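A.B. asks: Sharing a structure with you now.
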């Protein structure tokens, strides 16, 4: 009987424990905010990220387990059934105590000294996340994606539904994690993640006033109503004297009305590509040709005209010839 009992006792421990129980870290701690951390050093850097401070015994226990790195943990408040995920920053807390950022304690609805369950987990690498600012003041940031990328370097993971806090220009901005892919809790260590923003909480788009402009009816244009180009007129203003007096200052000339301007005659023979240089725009006087006097014999035949010219030149002093000429005619 004794040998049979010993055989049962040894057979009970011959079977190895499941691997899931060997690699799992699970324990409870009293949680406090970082402001309660003892020591002269300022640990405000813990408030700017998503990592916690655990006791040295946790590091000793984690080193004995075959866990994957980086170390990621699931925090659960069993009283309120709230949970989130985080990384670990240091192992310098007192035994049985862990220190959390203030925004993380608000998400878990934990008070100072409350119990929190800490379990080691493995999370998938993030590919997409969507955030909603909790205040319209976030729109005042010039490049919000660059600010968020710089702030997320202090985070190890994201959980859908959490409200994280980032510090920028000595001001704290809260962002709600609306969506994460490929899972509701993802790791953001060494990953390429697409980031999108939802409209801030309480943001209202400015209303644009509706303008109803009636199109004026097209009327026939009247050429007489067009203003004519009066051209450049130099020194049309009034001058000022050094002594301040206004004596001897002539008023500016009266403006020229459209009726006082005369248009020139357009060049109707203008051809595209041809340039005409007018040397003298004044019209030149016309030359009048001398009209010869008409003689009394112009009506006669050309032959008689030639004969008449010869006789006149030869026999002007002779009266007899003239008589003969009359007799001939």
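Placed from the backbone N, Cα and C atoms, the Cβ positions cover glycine too.
Predicted, not measured: the structure shown is a model, and the values here were computed from it.
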A.B. asks: Per TrEMBL, which of 200-225, 278-303, 304-329 is region 'Disordered'?
C.D. replies: 200-225
A.B. asks: What is the three-state DSSP composition of the domain 'Ubiquitin fusion degradation protein UFD1 N-terminal subdomain 1' (25-123), stated as helix, strand and coil residue counts?
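C.D. replies: Once the DSSP states are binned, the domain 'Ubiquitin fusion degradation protein UFD1 N-terminal subdomain 1' (25-123) shows 22 helix, 38 strand, 39 coil.
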